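Visitor: Just lifted these from Swiss-Prot, have a look:
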type	residues	note
TRANSMEM	12-32	transmembrane segment
BINDING	Val86, Ala87, Glu106, Arg107, Arg114, Arg185, Val201, Asp364, Met377	FAD binding site
SITE	Tyr148	site 'Important for enzyme activity'
TRANSMEM	475-495	transmembrane segment
TRANSMEM	500-520	transmembrane segment
Amino acid sequence: MELERSYRENDEYFLMFAATLLFGFVLYLFTLRRRRRRREKKGGAGSMEIINGAYKMTSSSEVNGHCTPEDIAGSSDDVIIVGAGVAGSALAYTLAKDGRRVHVIERDLTEQDRIVGELLQPGGYLKLVELGLEDCVNEIDAQRVFGYALYMDGKNTRLSYPLEKFHADVAGRSFHNGRFIQRMREKAASLPNVRMEQGTVTSLVEQKGTVKGVRYKTKNGQEMSAAYAPLTIVCDGCFSNLRHSLCNPKVDVPSCFVGLILENIDLPHINHGHVILADPSPILFYKISSTEIRCLVDVPGQKVPSIANGELAHYLKTSVAPQIPPELYKSFIAAIDKGKIKTMPNRSMPADPHSTPGALLLGDAFNMRHPLTGGGMTVALSDIVLIRDLLRPLRDLHDSSTLCKYLESFYTLRKPVASTINTLAGALYKVFCASPDKARQEMRDACFDYLSLGGICSEGPIALLSGLNPRPMSLFFHFFAVAIYGVGRLLIPFPSPRKMWLGARLISGASGIIFPIIKSEGVRQMFFPATVPAYYRAPPITKKM
């Protein structure tokens, strides 16, 4: 009897424990459901998923594979633009001028202090004029640029832009990047159909493979919000966290820039950028205001000496300063001593997009090249002109799949201009860098002497660099003309087996520089775009109701 009572008590305890466990589990599920509903009312729950090896914040609507029709129907925007840098601000103004309702979301709307994006080539200025934004270089103390001066081994030569056929106002411009962007933001925000908001976009909202909008943290960073539009254009710059879902990013960092400002001194060649072919890599000087000269020292590799422990200052004084033109030496040392040294990795990334309905990439988020030639803004503004012209015939952007197919033509139409500037930047950087290889040394010397010849030998390359004549065949011709000129210098007047071998290595080295870049850009799209079917895409026809 005792044993039986003990078993009965144990059974009762077990049943009570099981009932308590079941009640706790039901209570947990009920609480979890209430929390989820509360978060959805506030703007949606968030979670993390891995896309292409990178973490991406996704909304509950993305996780469930849909966003409600009410959310989309409730939006009055035609286009969402992520980022209000050069590309984003110019695009917002351009699309709004065409009557689109534009919502711009920018991480930081205060004026930035950057060491790149400070030189706009004449070709880029012409695109500004075409977009109606040329007045944005006014009232920021921007300086006109009429060409470049090259220095190497105590020699120098001046290369002027071929501006004779253009209006007197056409020239390059150099300025503080932050001032220029603020002017463009102000101009875009002055239009009644542009809404510019400070916030951090964390993800794209997708439904069945179509981008419907974005989720973002508001200015205070506490609340999540969502914005919806038929077309989302991502222009969030070189540090883009959204590009992974819209392209295959293959980012290379060949070098870093170390930035200094020299004050109250003029450059030896007024209104010209200065490029010193130093060892191990180039040094740039150009004016960014009436009293300031920007100096950019290229340091190969992904790391620079430490600023904190003085290694970088020591490197600049001992390795770089002796190669600076004498006229700038004292100001260069003074700028180092002042201590306001900034660094920036130089990225390059060929454009390799995924055609995604409802979304598009632009600017440095989409395509980057070495900043040596200052071509980035020219490419971005040229792309914006193309996008504007492609979208102009369209009244409605809601048919995402049809719009996506139509906009595939953009990727082909942009190639001749963008690929020429990209290839020139990558090739010129490699040619201008010092090398222990004798053939590479000969190529570098030949390039300097070829540009010093004048006539077509200087006007052709500088027209390419300026963005005034961005033709792939012209680039190809001049690049190999430099190589052949180098071989000719070796073989004349008395060729020898050693010189012939060196000449062969020079041609081989030149091919090894340019052909991989052309391959990454796409040979067919770059040189023969008219053979690509997307080149001929016509605007979709809107059916009448």
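Using the three backbone atoms N, Cα and C, a Cβ is placed for every residue, glycine included.
Could you tell me the structural context for the features on the list?
Guide: Met377 (FAD binding site) carries a helical DSSP state (H, G or I).
DSSP assigns Tyr148 (site 'Important for enzyme activity') to a strand segment in the three-state reduction. Around the Cβ of Tyr148 (site 'Important for enzyme activity'), a 10 Å sphere holds 25 further Cβ atoms from the protein chains shown.
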Visitor: Cβ under 8 Å, sequence separation of at least 6 from the ends of the transmembrane segment (500-520): give me the contacting residues as numbers and ranges.
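Guide: Cβ under 8 Å, 6 or more out: 250, 350, 419, 422-423, 426-427, 430-431, 437-440, 442-443, 446, 476, 479-480, 482-484, 486-487, 490-491, 526.
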Visitor: Cα-Cα, whole number of Å: Tyr148 (site 'Important for enzyme activity') versus Met377 (FAD binding site)?
Guide: 18
Visitor: Would you identify which of the binding-site residues Val86, Val201, Met377 has the most other C-beta atoms lying within 10 angstroms of its C-beta?
Guide: Met377
Visitor: Tell me, if you would, which residue among Glu106, Arg114 (binding-site residues) has the fewest other CB atoms within 10 Å in the structure shown?
Guide: Arg114
